[in-house]
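What TrEMBL says about this one:
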type	residues	note
DOMAIN	30-284	domain 'Major facilitator superfamily (MFS) profile'
TRANSMEM	28-59	transmembrane segment
TRANSMEM	65-84	transmembrane segment
TRANSMEM	96-123	transmembrane segment
TRANSMEM	153-172	transmembrane segment
TRANSMEM	184-205	transmembrane segment
TRANSMEM	217-235	transmembrane segment
Amino acid sequence: MRENRGAVSTQSALAAAGSAQSHAPKKWAALGVLACGLALIVLDGTIVGVSMPAIIGALDLDLAGAQWVTSLYSVVFAALLLTAGKLGDAKGRRTLFLAGVALFVLGSVIAGLAGSAGVLIVARVVQGVGGAAILPSTLSSVNSLFQGDDRAAAFGVWGAVMAGAAAVGPLAGGLLTEYAGWRWIFWVNVPIGVLLFVLALKLVPNTKGRSDAGHDVAGFLLSAIGFGLLVFAIIQGPKMGWCSRRWRRALSSAGRWPGTSRRGSARAAPCCWAWAWRSSVFCS
């Protein structure tokens, strides 16, 4: 009887190993799709800067408008990153990735058609929301798809793609602006995004994480608002006056947002832990 159980156990293990082996090519293909999605959003963070002179001339942007176009993508991206990661754990990482790609493509279309500074700024916000959904979904998907040495190799690819895309962005922006026009730094995202959406549906499994700890919704919202106020104060400082009452009020409002971590520290899944703000490493 024990021998039979041992044989069944061995057969099960061999079947599991065979199944994992048969899915090996697919997981590496999934990594390729995820890496391309990561490259797309990282490129967009650095591709715009070199094209700003052409954009300023075409849309008659002032200094504050130009700063919003270049920085708002990163602001929205960073502010929503934690929330997006939690959402991916609850609803599925591929689902979040697909939603992020769709939003990113939508933002790129709006940016490519923009005829005014306001429309372009809105487009950058939409792109930032999409980017915030894509990045954590790629990272957590890689973590769940790979094990052991394969995981180390996959994370190496992930990190190399992020660094490489950031470096290639200014070069790509310069070439596209010079030979095709500044709008093409956004239009180029559309066919790539559509292709990634289709490939992700076929190749990327929809993994989930632990979602039973609850969500610090208030903490996420307050931190995003506070971070937005901080960047608003910095960008609008020259226009409002560095010593004006409005500027000091915006800055002081932004300075209160770390206090939301104390509110969240008592929750099961806080946005940020209070001890982090007492760490010199974290605050530096």
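Every residue, even glycine, has its Cβ placed from backbone N, Cα and C.
Nonlocal intrachain contacts for the transmembrane segment (96-123), taken as residues 6+ away from its ends with a CB within less than 8 angstroms of a stretch CB, comprise 34, 37, 40-41, 44, 55, 59-61, 65, 68-69, 72, 84, 87-88, 129-134, 136-138, 141, 183-184, 186-187, 189-190, 193-194, 196-197, 200-201, 204.
Taking every recorded stretch in 28-59, 153-172, 184-205 and counting its Cβ pairs under 8 Å to the transmembrane segment (65-84), the highest total belongs to 28-59. If you look at the transmembrane segment (184-205), the same-chain residues 6 or more away from its ends with a CB under 8 A from one of its CBs are 26, 29-30, 33-34, 36-37, 40, 44, 47-48, 51, 94, 97-98, 101-102, 104-105, 108-109, 111-112, 123, 141, 145, 172-173, 176-177.
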